[in-house]
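Following: one structure in structure tokens, then a few remarks.
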Ligand SMILES: Nc1nc2c(ncn2[C@@H]2O[C@H](COP(=O)(O)OP(=O)(O)OP(=O)(O)O)[C@@H](O)[C@H]2O)c(=O)[nH]1
């Protein structure tokens with residue numbers, strides 16, 4: 001390699017000769033002038049140094065830019081076991097907020113409400129429960145920064161408390177615990193502490209990091225402390241949002257009102273939403289005609305960490321969908337139309353790319369340094385659950401970590417599927433059978449769900465995965481057959497006009513051409529059309545045009561057999 005002269009390197013690095021000479025001086029490199037040549041190693045060292053300096057400068061600028069963005073209020077969701085007091089806590093917070101205002105203030109249900117304290121504002125999502133929350137998360141939007149997990153202090157940690165913890169963690173929310181019903185004589189903070197410790201959560205009182213606040217949603221005792229803890233947690237999280245950015249956020253709720261039309265509650269997370277703006281949410285769009293805040297006040301605009309009810313969507317967007325600002329109606333229509341078409345294509349396409357069992361999950365992680373299997377474990381009894389957990393913890397290896405999202409007694413539920421889908425995890429059940437609806441949902445979402453009757457078979461499965469002993473085995477599955485009824489020679493190639501005589505022909509299938517039952521060619525489809533349209537599949541009884549990749553010598557009466565490779569689930 002030709003040696004580089006100082007002025008050449010300066011040019012390459014986009015700096016002046018003087019600047020580069022200064023750097024060379026600081027490195028102790030000797031030279032005569034800017035025309036002197038540099039050793040290869042010296043040039044490489046200079047480049048590395050400059051690269052590092054530039055990276056540091058970029059990081060500093062990025063941090064400066066971030067700091068210039070104002071803080072925003074934390075958004076909090078309340079979760080917990082049934083009857084532990086989620087609704088009561090929300091009611092208390094809502095009432096205390098109204099009491100601070102003039103009596104008689106009309107509140108408006110907009111999906112979230114603000115509680116203002118001396119230390120700052122906290123936004124609470126109006127609906128308790130983790131399913132809704134996780135389905136929002138599953139759609140890719142993050143709605144809550146903090147989850148308050150309510151645990152009734154007379155009852156202690158219960159199955160849904162565990163689920164709530166798992167869901168909140170999977171969603172990346174910070175957890176704060178509220179030991180509720182402390183007004184009851186049988187309430188025991190100690191019981192809540194013990195229950196949490198069993199889940200591996202160590203309360204501050206025991207030297208750990210988990211904030212556990214004793215409260216009563218009935219009397220209001222401790223609620224102020226809870227609010228303060230939320231604000232402190234939020235401060236540590238350093239939550240910021242740019243009010244000048246294009247508005248984005250999440251649809252919290254939507255419904256059709258007989259008089260007003262479509263009402264949607266939106267949580268603005270970034271930017272400022274204004275009356276007159278166009279927004280898209282999933283496959284729906286709207287022009288914001290009016291906005292009302294939680295106090296029932298008409299607004300012309302609203303900034304980050306606020307919820308408003310808006311008028312202007314022509315159809316209700318689904319709760320949990322992210323929304324975003326778009327410049328005009330043309331963009332709104334085009335984007336929503338594109339999304340609709342994409343969904344339709346997905347619906348007819350066979351599920352590809354989605355993991356179907358743990359081996360697939362692991363393969364997807366190939367390349368990452370430490371693989372982590374996210375598992376949900378369901379078992380018939382606490383005893384078997386603990387036994388499985390203990391053995392599993394020994395099965396982890398340097399490369400593969402087993403991360404138990406949730407270990408609970410009872411059959412896998414739809415909420416488990418949501419959780420697994422969000423966290424890209426798998427569900428293993430022992431001695432319990434998932435309901436048909438749960439299996440179906442798992443299938444739809446591509447969540448691996450496997451049931452076992454013998455503990456060691458379950459362990460064996462995980463062990464094989466962890467040790468990577470299991471190579472996938474495929475078998476061929478025949479999808480269907482089509483008969484060639486006519487041959488068309490077009491400029492694009494020779495198209496076989498076919499009738500699907502059994503099953504279906506899919507666009508991605510492997511094709512075998514059979515003539516008098518003998519295979520004469522094997523390969524892939526180049527295009528599959530019904531009438532003039534490209535389609536993903538054609539079912540029995542329908543005609544279609546098939547162009548193959550590399551075969552054109554069709555004869556009437558040839559049979560095209562479609563098949564696909566499926567992984568054999570090994571026992
Ligand atoms: N004594 C006492 N009772 C409470 C307290 N908080 C809630 N309760 C009572 O506990 C019961 C359940 O409270 P909810 O607020 O409905 O509980 P939840 O968690 O929202 O219940 P679900 O919505 O069914 O999951 C109600 O009868 C409440 O009155 C409290 O702090 N003290």
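Placed from the backbone N, Cα and C atoms, the Cβ positions cover glycine too.
Curation does not apply to TrEMBL; its annotations are automatic.
Taken straight from TrEMBL:
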DOMAIN    71-240  domain 'Tr-type G'
REGION    74-222  region 'G-domain'
BINDING   80-87, 126-130, 180-183  GTP binding site
Averaged over the whole of the region 'G-domain' (74-222), what is the pLDDT? 85
Go ahead and report the DSSP secondary structure tallies for the region 'G-domain' (74-222): helix first, then strand, then coil. 49 helix, 37 strand, 63 coil
Most crowded position, judged by CB atoms within 10 A, among 80, 83, 86, 127, 182 as binding-site residues: 80
